[in-house]
Amino acid sequence: MDAMGSAAEEGTQKKKRRPLVPPPPRPPRALFCLGLQNPFRKFCINIVEWKPFEMIILLTIFANCVALAIFLPMPEDDTNSTNSVLEKVEYIFLFIFTIESFLKIVAYGFILHTDAYLRNGWNILDFTIVSVGVFSVLLEQISKLQGLPAPGKSSGFNVKALRAFRVLRPLRLVSGVPSLQVVLNSIIKAMIPLLHIALLVLFMIIIYAIVGLELFSGKMHKTCYFKDTDITATVDNEKPAPCSSTGQGRQCSINGSECRGWWPGPNNGITHFDNFGFAMLTVYQCITMEGWTEVLYWVNDAIGNEWPWIYFVSLILLGSFFVLNLVLGVLSGEFTKEREKAKSRGAFQMLREQQAMDEDLRGYLDWITHAEVMDPDMEPRDGFSQLEEGGSETDSLYEIEGINKFIAFFRQWRLWHRLLRRKSRDLVKSRFFYWLVIIIILLNTVIIATEHHHQPDSLTKAQDIANEVLLALFTMEMIVKIYALGFQSYFMSLFNRFDSFVVCTGLLEVMLVASDIMSPLGISVLRCIRLLRIFKITRYWTSLNNLVASLLNSVRSIASLLLLLFLFMIIFALLGMQMFGGKFDFEDLEVRRSTFDTFPQALITVFQILTGEDWTAVMYNGIMAYGGPTYSGMSVCIYFIILFVCGNYILLNVFLAIAVDNLAEAENLTSAQKAKAEERKRKKLARANPDKTEEEKLLLAKKEQKAKGEGIPTTARLKIDEFESNVNEIKDPYPSADFPGDDEEEEPEIPISPRPRPLAELQLKEKAVPMPEASSFFIFSPTNKIRVLCHRIINATTFTNFILLFILLSSISLAAEDPIQPESFRNKVLSKLDIVFTVIFTTEIVLKMTAYGAFLHKGSFCRNSFNILDLSVVGVSLISMGIESSAISVVKILRVLRVLRPLRAINRAKGLKHVVQCLFVAIKTIGNIVLVTTLLQFMFSCIGVQLFKGKFYSCTDTTKITADECRGYFFVAKDGNPAHMEAVPRVWSHSDFHFDNVLSGMMSLFTISTFEGWPQLLYRAIDSHAEDMGPIYNYRIEIAVFFIVYIILIAFFMMNIFVGFVIVTFQEQGEQEYKDCELDKNQRQCVQYALKARPLRRYIPKNPHQYKIWYVVTSSYFEYLMFFLITLNTISLGMQHYGQTAEFSYMSDILNVAFTGIFTVEMFLKLAAFKAKGYFGDPWNVFDFLIVIGSVIDVILSEIDTPGIPATPGAEESSRISITFFRLFRVLRLVKLLSRGEGVRTLLWTFIKSFQALPYVALLIVMLFFIYAVIGMQVFGKIALVDGTHINRNSNFQTFPQAVLLLFRCATGEAWQEILLACSYGKLCDPMSDFQPGEEYTCGTSFAYFYFISFYMLCAFLIINLFVAVIMDNFDYLTRDWSILGPHHLDEFKRIWAEYDPEAKGRIKHLDVVTLLRRIQPPLGFGKFCPHRVACKRLVSMNMPLNSDGTVTFNATLFSLVRTALKIKTEGNFEQSNEELRMIIKKIWKRTSMKLLDQVIPPIGDDEVTVGKFYAIFLIQEHFRKFKKRQEEYYGYRPKKNANNVEIQAGLRTIEEEEGEGELQRAISGDLTPEEELERAMVEAAIEEGIYRRTGGLFGQEDSFHTGPVSPLHTITSQRPLRFSEAGSEDLDSPVFLPEPVFFPPPRRNRNTNNSTISRGLDQRLTTPDFERVQQSEEQWDTNSSISQATN
């Protein structure tokens, strides 16, 4: 019993020992007076740590949010009863929160202890909110006591501003939800790299703002007015725009109008470049890609459209596509890291719990085993009870016979039941049943899709019947499944639960409709949810299944993100209500829908700003509400900018980050599954017939041969699944032309890669493709001279270049055509040229067909898909030449198809070909995602049809609701001015985007998913009322949920997954080529850098005067001075503004001259210091030089340009442009600042590197734009330019440049759907074009839908994501662990090496290596705190080859640094891994010269002396000294110096010396002075770093300095192991004393002047007794620490 008791006790003790959550540590004293035992403090602690208390507080916060949301803001501080009640309730909340703060402060202390109340971020937030609340209440009371009016505008404004703080309370919910904290943490962690990017963006904005200020200042203040009035002259639907009275800008075309100044400017004078602040806001607005085209068009109107586009397009490319995508790169990196952490934390937690359980189990087992020992005592009682039971059984024997019959029947029934269940289970699991269900679902889908507006009654009846039949079938399916699988296992599956939910709601719906309780509409939406069943298909489609699994996975992580997003929206909506509630009512009578007047409306507005659609319009309203473009008004834009940055850039990019993260996991999942399946198959085959394994190996090869579709590498053609599993299967990704069609064109090995390496690396020596054996055209045999000649011509590089040139020329001629007048002179010339081009291309194809044959045999011309493309393009040209009359529409189509000519270049430029092939692979892989997205789109479209069909009609007069009422005329205020009324006819119109049938619904939804124009559609839907009826204002605001759910699901989530997929695919494709080379991406980049880098030349002048200048120019003070001056210059530029006084202008001119003078002086100083060659060697200096020249010209021009000189208007205009052009040079000085900051410099370096990765991607984009622009010109070129529509003077397809600009606008998503509508059929034709009478409205075509949607999808999803993929690849270093070496660290090595090797000879003394590496910070160098001994050990492991003159080379040193830091082939047999590494380098970088390779990795058998061996001997020597010293201390005597004995010296002997008699003679190698110099250099390095005292010189002990004569240095001869002469070897066991050599050469003069001065001083110091004392004490101090090492 004792044992048992003790075991139980042990168990309970263990339980006690392990509390689940440790309580937060409490300080011993709070508020200086309350100890832990104080009863009041105990009470506070108990309350604060009581669970329900936390719940109560969270509920209070929630209630507070609700109260804030109910509050109705009103204009002019009006109020109503609800609001006054809420004011009172606010006091209660404040009271609760104050008490909570007080209790916590008492419990945990206020601020002084480590875990005090204010040491926690959330508590600081709480405390601020509470104290501000209390403060505002006090202020109110004081103002009441003083008898002031109720807190209104004047006194109460500060109170209201303080009130806005309450809005932050919902943030406290975050501290309650752990999953929120992962998302928040990753965002907070990302803040540091994000700040770098923010700086870069800010810098861009400043530069562009100042450029804008210089170029466009004051240009936006003229517009067209009617003569002698203040009324602006505009066309219908057009905002007033700037104009110019002279030059290239817009002229006033309306009769009776003139161009006059004093117009405030666009957007009520908010959008312009008149001063620095407004310019920055305008530039920022352009970077967000919202409304940038409007700004561009206004500038065009003001100054002409020749060059402003350069400014805006470059801004969008750099700002939006590049820099803002960096944000994405950073966030996804951080998110991945954060999730990894959370994962490992979870794993650790699980482990701990597992251990705890094991411990418990052990306790119980002990308990039980102890108990079993006592068990025998109990046995008798058991036997006795059994006897009793036996007795009772005999009594009931008679009753059993009656029951037996029943049991037999029951058993029979159970048998049948079991059989039936088994049969039905087999049925349910069979493929037949599965496909049956799928067919029923598809039928269901078709029936739902047929529904549309104005459908015939018969169709409606048919749909109802079909619905009921299908419902019955689905109910049967459910019942059968439940019967077959049983309740429990049926409801285990998520799909089944969903199914039963849908069926039950369907039944409910039928009952409700039949009993007329509710209208059929409400629940018919649920019918659409049945469509989700389509996802059942995924059961047998593995890759799709994994995709859906990964989507559901990301839904989990995205749920917490959505919660965060929602919190964020609530806070900003409440804040918006406090600031703008009831203020958006202006005099112009226009109804604004995006307001902050009620809470739901505010939420929608905030959501709209998050998606970035028309957020600028809301911001302009906000600014106008606070008094327009004044100081107070403009401060409002801070709210919108913060909302936009945090919401759009940060939170929405986290969506993408999560998507990319989870997709990568799904890919791994798929490939892992594939690998397992293959393994299983292989084992099966092996078991079935062992002899077949050989054939099995050939299976893959055959599979690859079978793959059809020429020209695309086999990898691209393997099925999607196999492509995904490629990672785990070993296949040869680029079989040498082993499949039909390509073997006539044997390609050099260029791997598929979205980021092709520079062509230099890909040896593009084209091999001539052999002729096929068969005869061509049945005439020419392979030996036929004509055919051989054709073959030779085709394969000549000059011929290929010639054809490329003509492809280029023909493309230019296509772009030069005039789309409006087909019969113009220009077009006639071009058509003659066209004939020439067609003849040349036809000749080329005939030659090729002659050489290779047409298509009958393997390897002939038409067996290659790219050749077929060539042939079809040329064929189209030939046919269109044959049919001349342009009236036939076929010819028009054929003429359009000539546009595909540039595609022929793909077959000629290999790099481009591979980008295209990579795109194909990506498109194939994306198939699954497209499928899922289309299904969801379709489902939402069906729901949309149910909700909105026929409800988007409206009358121009909003008071009329039906089509019958909408007749006649009504009055409208012109330009929102009630004084000018005009009569307008009423028109009954239909919205352009609507949900009348499923297709138009999908179109509308597609535009919503691109975030363009969705608020208009949303408010249309909110106002929708009934079929064929007009809108009623805010009729059902809850409909917004449909749009918001759709946007979150499709636009945020699916589209981002789509983007993520493209990125992941490209990255995988990029890695594909390297998958066998054992180096990861980072290692490859670093090795490549180490192989390609060359040392920098550092010029140090010999001339003493020049040296002085050089010394000044290179000093850091000079740098800082220039930095300061550039900043001053920036400020002076930024202070200029429109309408400045003459004195101010004069001052700024003087300053400009002064700065130009200063920078010119700087240039001359640098030229003097570096001489021309040295100066122009640095790109930054070249940049400086250009800027100085430009600035000087600018100064001269502005001096010449005096206002007194009369000139013709045109001349004035052109001189203006030249002057403003030179003004740019002032601004470009700013860019010099970029060369200073370390982080920004790294960013820039990577930036330029990613540009290098883009050339082919860029080429592809150019081709895409070219083709679409030419098609656009041919198809939409004739549409008339009408101001007020979307095809107008600024955006049209009439010239090639205009068409490209318009397409660029569409690619950025600026109202592309409006342009689509403006190009669709039935538009007015241009008066100059060739339409027939009565055909004025026949321009435009329905082809516009296909054209714009395909262009948008290609651009937005594929092409721009190529940018993102490249950026994410190159910028991963921003979020990577900085302790991992990356290529961005290696620049520092080049810079510091230059100080030791100013002539850039590529060699330095090996002694300098230690000091060099200690000056470079880790991870590349050792850092200045690295002890010398550790540094030497690292050098031993680096082991660079040492030249005979004692120097090491640049590349070898850098390479070995990279190699040791990244652990590339450092394990195992050294020589073997060296060989392997040589092979890898040869494989990846084929052009590496053997000389360089031997330098960085010496080949086997190369008896080279290396730095490693050299330093190893030194370490041995040092350990030996220590060993000797310990012996002395142990035996208590100091051995006498024996004349024959000398300490061991580092170095290698020649064979002759080893075999010589007793006396060894030693020579000195190359350039090195005796060992003294080595020791001295080491001591010098230590003194330089101020570490001498701590580490005791280089190796701790400096015995050699003060024992005996100076020791000699070794020669470097062979690589034999160290052997010593036998003399004196008996003295000690392990280390051996050597005879002291007689001969010793005098030390040479040190050539390095720097060293020699120091060494002189050192020599003196080393002889002082002082030094020896320090030395001895250090030796003692050091001995203990190294005992362990010595014993090793």
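Glycine residues also receive a Cβ, built from the backbone N, Cα and C atoms like all the rest.
Under the heading Ca(2+) binding site, Swiss-Prot lists E290, E613, E1012. Of all Cβ atoms in the shown protein chains, 25 besides its own fall within 10 Å of the Cβ of E613 (Ca(2+) binding site). A coil conformation is recorded for E613 (Ca(2+) binding site) in the three-state DSSP classification, outside any helix or strand.
The annotation compositional bias 'Acidic residues' is assigned in Swiss-Prot to 740-749.
Annotated compositional bias 'Polar residues' per Swiss-Prot: 1678-1688, in sequence order.
In terms of DSSP secondary structure, the region 'Phenylalkylamine binding' (1336-1379) contains 31 helix, 1 strand, 12 coil. The region 'Phenylalkylamine binding' annotation in Swiss-Prot covers 1336-1379 and rests on similarity to another entry.
The feature repeat 'I' is assigned by Swiss-Prot to 38-335.
What Swiss-Prot records for 417-663 is repeat 'II'.
The feature repeat 'III' is assigned by Swiss-Prot to 784-1066.
Sequence annotations record features per position, and here Swiss-Prot assigns repeat 'IV' to 1103-1371.
Marked as topological domain 'Cytoplasmic' by Swiss-Prot on the basis of sequence analysis: 1-51 (among others). Mean model confidence of the topological domain 'Cytoplasmic' (1-51) amounts to 69 (pLDDT, 0 to 100 scale).
Taken from Swiss-Prot, the feature topological domain 'Extracellular' applies to 71-88 (among others), supported by sequence analysis.
Marked as topological domain 'Cytoplasmic' by Swiss-Prot on the basis of sequence analysis: 109-120 (among others).
Swiss-Prot lists 140-158 (among others) with the feature topological domain 'Extracellular'.
Look at Swiss-Prot and you will find 178-196 (among others) tagged as topological domain 'Cytoplasmic', backed by sequence analysis. Broken down with DSSP, the topological domain 'Cytoplasmic' (178-196) shows 18 helix, 0 strand, 1 coil.
Residues or ranges marked as topological domain 'Extracellular' by Swiss-Prot on the basis of sequence analysis: 217-307 (among others).
Taken from Swiss-Prot, the feature topological domain 'Cytoplasmic' covers 333-431 (among others), and the record attributes it to sequence analysis.
Helix, strand and coil counts under DSSP for the topological domain 'Extracellular' (451-465) come to 9 helix, 0 strand, 6 coil. Annotation comment: Swiss-Prot describes 451-465 (among others) as topological domain 'Extracellular', evidence class sequence analysis.
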Once E290, E613, E1012 are set aside, which residues in the chain still have Cβ within 8 Å of the Cβ centroid of the Ca(2+) site?
-> T611, G612, D614, W615, F1011, G1013, W1014, G1309, E1310, A1311
When you measure from the Cβ of E1012 (Ca(2+) binding site), which residues in the chain that are at least 6 apart have a Cβ under 8 Å away?
-> E613, G1309, E1310, A1311, W1312, Q1313
Within the topological domain 'Cytoplasmic' (542-560), residues counted as helix, strand or coil by DSSP = 19 helix, 0 strand, 0 coil
Intrachain C-beta neighbours of E290 (Ca(2+) binding site), sequence separation six or more, cut-off 8 angstroms | G612, E613, D614, W615, T616, E1310
Going by DSSP, how much of the topological domain 'Cytoplasmic' (486-493) is helix, how much is strand and how much is coil, in residues?
-> 7 helix, 0 strand, 1 coil
